[in-house]
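Asks: Pulled from TrEMBL, these are the listed features:
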type     : residues  : note
ACT_SITE : A:C422    : active site, S-acetylcysteine intermediate
ACT_SITE : A:C423    : active site, cysteine radical intermediate
COMPBIAS : A:1-16    : compositional bias 'Low complexity'
DOMAIN   : A:11-629  : domain 'PFL'
DOMAIN   : A:636-759 : domain 'Glycine radical'
REGION   : A:1-24    : region 'Disordered'
Amino acid sequence: MTTTAEGTTNTTGASTPQPWRNFSEGDWTAAVDVRDFIQRNYHPYEGDASFLAGPTAKSLAIWDTLEKDFLSVERAKRVYDVDTHTPADVDAFPAGYISADDDVIVGLQTDTPLKRAMMPYGGWRMVETAIKEAGLEPDPKVKEIFTKYRKTHNEGVFDIYTPRIRAARSSHIITGLPDSYGRGRIIGDYRRVALYGVDFLMSEKLKDKDSVVDQPFSENWARFREEHSEQVKALKKLKNLGEQYGFDLGRPAANAKEAVQWTYFGYLAAVKSQDGAAMSIGRLSAFLDAYVERDFAEGTLTESEAQELIDALVIKLRITRFLRTIDYDQIFSGDPYWATWSDAGFGDDGRTQVTKTSFRLLQTLRNLGPAPEPNITIFWDDKLPQGYKDFCAAISIETSAIQYESDTQIRQHWGDDAAIACCVSPMRVGKQMQFFGARVNAAKSLLYAINGGRDEMTGKQIVTGFDAIASDEPLTYDEVWAKYDAMLDWVVGTYVEALNIIHYSHDKYAYESIEMALHDSEIVRTMGCGIAGLSIVTDSLSAIKHAKVTPIRDETGLVIDYVTEGEFPVYGNDDDRADVIAQLVVKTVMDKIRALPLYRDAVPTQSVLTITSNVVYGKATGSFPSGHRKGEPFAPGANPENGMDTHGMVASMLSVGKLDYNDALDGISLTNTITPSGLGRTKDEQVANLVGILDAGMGEGLFHANINVLNRETLEDAIEHPENYPNLTVRVSGYAVNFVKLTREQQLDILTRTFHQSA
Amino acid sequence: MNSTTITPTVTVPDAAAPALGDKDFAAPTGRASGVGTGGLEVSALDRGSRLEQMRAGTLGSIHSWELVTAVDGPGTRMTVFFAGCPLRCLYCHNPDTLKMKNGESVTSEELLHRIKRYKAVFNATGGGLTISGGEVLMQPAFAATILAGAKELGIHTTIDTSGFLGSACTDAMLENIDLVLLDVKSGNPETYKKVTGRELQPTLDFGRRLADKDVEIWIRFVLVPGLTDDPANIETIADYAASLSSVTRVEVLAFHQMGRDKWASLGMKYELEDTLPPTAEEVERVRDQFRARGLTVY
């Protein structure tokens, strides 16, 4: 035991109880292996939610202070405050607190809640723009450093970019690339901080670094050594961070409160030093629950105190902020940072990973009210304990704040200690990271194919070497498909070239040293490519195949619109004739990615996901044979085209479920919106039906389901901001309507009728 | 032709932008035109063999289908809307299902194939098949084939009917029906005639027969201000519902104007242009009338 983390501790922490007392030993005691620890020590829970505790007075007081003094101010100003003098880092700011009674789980990104920090390594321009948009001026000294002396990721990328990438970017066929902001999609295994303490993690990293000293020089070898040095430096800063708040993170956590605190410090170090597009927190519940149960057995913790710990952690996750530009908000609206917390699912041995702490996490949505962060993600399976399934459904109905992913599909590919980064990207925690690739506009690519590389919005020749469709006769499927296939070679080739460059540069100029310090030394990297506009391509190809589609040209011969006559099958209705086209598009793009060399031998993957960027993609894209109009928002992710999934929510789930996960290992996203009354007459009925729908969808191959169960406030918001709710469907006794299509009068009518039943 | 009906929204460039109404956002079009038979193979037959097969119960006229939850019976259901209805309800919200000739021809084999596909969905959700319309009993032979086929697959079956053609429902068919959603549109025969153009008595007789056979019933009633809202009218329905031993639930549905555009697009005259939906208080008042008899009411 002397070489273990705990052994080290025994010689230094005389007054601290043995951190690993009463835990079952195993592989994890000799080397970093959090999964092994969990499997040997967690407590599956098969019961219901009746054991849960409400919020403590302290939790409510802290949340009230936040609301009154900070969150309400931020809502009015967009940005509460920015520190314009201190480039962010793990230990760059002194300790900060929400209030004097903020002492359960402590730690803020800067010295004040909601005050945002500069993270200039991604690129200076974004930082400066964001500061100015917040009504402030950057410190000239900092600006000088990052424009004169210190090269950034953004500069690195543009030093390498090729002419075709620049053309594709400016014509918006490829957009949202992480070439001027942090890529994110890396989940540090923050649990390691609690289980092993920083000293042991550091000694392991130093060992790994020196394990290659006998090998000859190569660039990979040098990078391995350099990155390990960066990681060790970051771990030292993490220890400093703990000291700023009065904790010795060198040793392992010795009880539940420390386990939550240590884990949070690991995560806090990440969000203090990186503003990745998604900063997910991993899979914590079963891990933390092992500590809670041990404290319970020792009589040192009550249920109320355990809940207070989780509430306190969640409060901190709700006030994490990054300095973003208004432009960035257009793509990722609502200030999200995707602190995705994955939960539930099964272990390889068939035991559920649902614990009481899985319930406590959901309970935060009742104790503190609904909120988008952390992004609670349930690994669903129809065999999960009934009490948990019912509680998930109940909380979904109350808050719309939960998303669901297929545990079977994730576990089969990525094991039973995987977590989601961002929305749908699964990865083994601490053993895998993703090179985030935003997405390519697969719909616009179809228009490029028809126009031989001329942009349908500007008429500019973006791609050369391709013939446009010359005839004015109705389009034929075979000709259009052949041209689309060829155009995708160019689009995907250009796209992957950009991603290779971006991640090469990101590793070089904005390396995530603390997050990578909480990974194994040898990891799997995936290249997370993505496509947008799947439903539009599918429906358009279906129209060309099954109806008569005649192109309309402007005076220069550019096809700018289509006359579509006749009927055609539409994606999203469990109609194989359309759904096979969607499958074909996904597979075709994936095969093209597979054929290309990838930076750092990454595993090729793609997602069918748009997050909220479906609106900007729509703005940059012309009209389609499907009837999709120029400038209209795309349907999100793998969703059917807005309003075209006319056979009900379950039918749309079945269509999306037909997409082969093997061709989209980075995830396939479906967002559905449903009213409480669309789920049943009583709360019990609604819960049972939502559980049934999820069981049915996942059972039929669905990978992901974003379930919005709308409350009254949401519908009111939809009336004020219809652009945010393009596919909101309201069912009224055997009849479905698109909510935003209704007149205000009708909307108010539905508002009344939908809610009086459940009042 | 055979698929989801999509009226091409576009055609000519520079055409006038769609009216945005009081919103600054052009909502997607599509759903309002009906849900369609997409996913079902439609048969092209001459009129003679079409009629022959319909009489034999191997061919039906289908308006559309969808998978719905919580509205047409328990769980998630495949609701199949048959085309054709003998009633002409003033408040009909699916006037596009009134005529049998406007439906698509679908074979029983094709429809049962699709029903079978959803067996896992039905199992997971406690759902099943609901045949609605139109009026399911306008095509009794086809309905009988589908209900028998679904039962054979072990699937829960429901029909949504006005009961006006209850006599067309044979005892053998009843054996294959687990739940009837019985739409009692009025308790007063004159009002019933005014609302539907038909007689009330067949509905009352059918409900009685269902109760005698112990077939589970959900009574449905649409509350239309100025048309069906007379308290005395509702008392009569409530008394009737309470007298049927197999009624397990009553659903009071508030009239809405969501079907108005369909009447216009079909070129049909709509009598309730100016009728307002009932207030929440009115709906509760009516529910209380049913509740007073110990019924479970939503």
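Note that Cβ sites are derived from N, Cα and C of the backbone, with glycine treated the same way.
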Asks: Mean pLDDT for the domain 'Glycine radical' (A:636-759), as a whole number?
Replies: 77
Asks: Is it possible to get the count of other C-beta atoms within 10 angstroms of the C-beta of A:C423 (active site, cysteine radical intermediate)?
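Replies: A count of 25.
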Asks: Let's check the environment of A:C422 (active site, S-acetylcysteine intermediate): how many other CB atoms sit within 10 Å of its CB?
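Replies: So the Cβ neighbour count for A:C422 (active site, S-acetylcysteine intermediate) comes to 27.
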Asks: Return one of helix, strand or coil for the residue listed as 'active site, cysteine radical intermediate', based on DSSP.
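Replies: Reduced to three states, the DSSP call for the residue listed as 'active site, cysteine radical intermediate' is coil.
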